[in-house]
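Participant: From TrEMBL, for reference:
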DOMAIN    1-58  domain 'HMA'
TRANSMEM  84-104  transmembrane segment
TRANSMEM  116-137  transmembrane segment
TRANSMEM  158-180  transmembrane segment
TRANSMEM  186-208  transmembrane segment
TRANSMEM  346-368  transmembrane segment
TRANSMEM  388-410  transmembrane segment
TRANSMEM  752-775  transmembrane segment
TRANSMEM  781-803  transmembrane segment
Amino acid sequence: MTCGSCTSTVEAGLGSVPGITTVAVSLATETCTVQFDRALIGPREMVERIEDMGFDAMLADHGDATQIASLTRTKEVLLWRSRLIWSMTFAIPVFFLSMVGPHVPGVRGILGANLFNGIYLGDVLVMVLTTPAQFWVGANFYRSAWKSLKHRAATMDVLVMLGTSAAYFYSFISMFFALFNSTPDYRPALFFDTSTMLLMFISLGRFLENKAKGKTSAALTDLMALAPSMATIYTDAPACTQEKKIPTELVEVGDTLKLVPGDKIPADGTVTKGSSSVDESAITGEPVPVLKQAGDSVIGGTVNGLGTFDMVVTRAGKDTALSQIVKLVEDAQTSKAPIQAFADKVAGYFVPTVISLAGITFVAWFLVSSILSDEHLPAMFHAHGTSKLAVCVQMCISVVVVACPCALGLSTPTAIMVGTGMGAKNGILIKGGRALEASKSIRRVVVDKTGTVTVGKMSVVGVHWVPGAQASLSHTQEPYSGDAGLDGLCADDSTSKLAIIAMVTAAEAKSEHPLATAVAAYGKDALRDSGASVPDTTVESFESVTGAGVRSILTHGGSKYTLLIGNARFITQSEDGYVPSTLSAYELQETTLGRTIIFVSILKLSSSQPLPILAISMSDAPKPSSKYAIQALQKMGIEVNMMTGDGKITALAIAKQVGIRPEGVWAGMSPKGKATMVTELMEKYGEGVAMVGDGINDSPALVAATVGIALASGTSVAIEAADIVLMRGDLLDVVAALHLSRSIFSVIKRNLVWACIYNILGIPLAMGLLLPFGLYMHPMLAGAAMAFSSVSVVTSSLTLKWWQRPAGSVMPGSDNDTAGWSGMFFDSARTAVEDVWGSVRSIVGHKRADEYGYSQLPVEMSAAQRV
């Protein structure tokens, strides 16, 4: 857009479109803000209409902020690289002229040439080289220091400005007064080399620090890069014959997309046609591709395998699972752990305290050097002849420069950024610093049963036939295996077992009850796998009896039957409530194992007494990994308890299978009861309690716990209430999450301890408290130490990139286990070596932006106007 008429054209053109309520176009920013009704119009149509007006347009993607932040960091790294090179350009010659040249024969005579009284050629050359370094390379420090002082704050830049300025101006003034000194061969003590070397070391530190900071947020950038830039859409759905490529940000809910081998999936959706294996490792951390067929859901940002399929979009844009993950990681990386309050409090008083200590150092040593005779003064005071003032100034500069509040300030956020990024790569979303700090105190984990310990879905585990017309049961399980054994006759000689399975399947298919769904699924698989020809079954009537079962009239093979499916009392239709002992005994046996039993009886319309013919055992079985996860938690010294709303017998049976002690099981718990129990456990044992759940009924307990851990396969309410979200929905990830959280907090503590020790040791040394023992710190060494302290803290945080899952969080014999987690160590080591080599190479040569730890996101950054 070039003028006001352009904005008027867009506003008028869009304002007349049905569904658009307001349009505001800014010429200066070339942006258009629109309020609209999604039921009538979508962003894609608006972009097309703007393009029809003759303008280019694109949707402002919600990831632009991350994109811009990444590019800004890249620019900052390049800026500090440039400053480092320029500071080296001045510092190295100055160092040679000041420290090396006077000891080189031939050069010493030239540099020692006396130009004026007290003014030497070498000193003039050094001053000429130092001046542009001080006021050009160091201009950024002056600007930053001035801005902070205007707001009555004091930052590290204030200390840098004071230190380098003191060295420069003291040297300049010393040269000026040397002109008026009548002492023969007098040569003033100068610290120009101190100023330039300080700027070089500090620039080196800032360059390495910003480069390392970029790597701490690289995980977030990698997540954003998972989204493809373009998507293939069918413009004539549901016919699906006309294809068109559009930017991913224009994909809308309800669109039908085409995915070919190797494509990244642009949005969340459901497969409608075709099948393929999809690599979901970037989202869930699970390395094994998952088969997707019609009706299965797919996640945006995952990668299609070798198949081709169509999908309908159910969530797009900022509503996709990938966008929600990115949002969680962004929030976590900007959050503060409670321990950071200590660092913030110290940093608030740090710079004024350091300046005060520098002043005290100068005054104290000046007084000492004035009172004591030369033979009683430390040897350092004789290094510059009679200029005791120069020694005092030098120590004052060392105090100002060596102090580093940056190391304290970087200790927590850098560790959180790297750690939460590693968690996201492994399917573990940690919502913030509070959860990290709280995780260190977890000594008890309470798990919900249904959907957390167990699969959360009923399945048939056994089919038991009643022999002959006798009301007794065979106690031998006969789960369907697809062989001819099911072709034998059942209660009467005219009805085969497969026929009965067909009738049960047809009847249960009419119900939406979880038990009926499990039976219907089992029956369909049994009939399909048998390969036998079974006559069609027609359901003529269906009645659900609450709390009892279902009654259905069916036609099968030309005969009509009444089928009763439910509890023992219901299927026997006993008026006095009598249930054959064999039925009740078997029901008790299966219930003790944590199983649910339904019985089936059948009668022809000519009969009056139903004949029990079938018992079906069902169970919400424990996940294969639950037992291993609970064992791993117990080895970590963590007590594991279980709470459930189910009955006590079922709860104890499941607990026994996974290794939870009976006294640690609570059954028949309401949502409020779960929260109350968690609170009581925290009060009783005085320790951290983590709650793991996935349902709405777990949300109160998740909030009440020290740390709430939700499975991403659960409800959005539970995920919202939790502090940690596990994308794989596997208890093994609880082990990994607690291990990672503890690792992150350990690094935070290590960083803080190092930062404190550095300042506790460095400042007294710079103040000259150890001068009587011949130990002191030159300003150049102080500058190098200050730069090293910040870099070392960031580097310490980057060691979290070497984190690998503990052995207890990997299923024995799984692909994760056999893939070799130990190999990750060598990969990390190789990456670390490459990072060090890259840092050195980037100082002396050009590097691409992505080599600084930033990957450009797949957002079309053009000069186009944005909607």
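Even glycines carry a Cβ here, placed using N, Cα and C.
What you see is a predicted model, and the numbers here were worked out from it, not measured in a lab.
What's the neighbourhood like for each of these?
Facilitator: Summed and averaged per residue, pLDDT over the domain 'HMA' (1-58) gives 81.
Remote same-chain partners of the transmembrane segment (116-137), defined as residues 6 or more beyond its termini with a Cβ less than 8 Å from a stretch Cβ, comprise 83, 86-87, 90-91, 93-94, 97-98, 101-102, 110, 164-165, 168, 171-172, 175, 178-182, 186-188, 190, 192-193, 195-196, 199, 203.
Nonlocal intrachain contacts for the transmembrane segment (158-180), taken as residues 6+ away from its ends with a CB within less than 8 angstroms of a stretch CB, comprise 116-119, 123, 127, 130-131, 134, 138, 141-142, 145, 148-149, 186-192, 194-195, 198-199, 202, 351, 354-355, 358, 390, 393, 396-397, 400-401, 403, 779, 783.
A Cβ distance under 8 Å defines the sequence-distant neighbours of the transmembrane segment (388-410), meaning residues of its chain 6+ beyond its ends; these are 155-156, 159-160, 162-163, 166-167, 170, 174, 189, 191, 194, 198, 209, 343-344, 346-347, 350-351, 354-355, 357-359, 361-362, 365-366, 369-370, 377, 380-381, 751-752, 754-756, 758-759, 762-763, 765-768, 776-779, 781-783, 785-786, 789-790, 792-794, 797.
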Participant: Looking only at the domain 'HMA' (1-58), what are its DSSP counts of helix, strand and coil residues?
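Facilitator: Helix, strand, coil within the domain 'HMA' (1-58): 22 helix, 15 strand, 21 coil.
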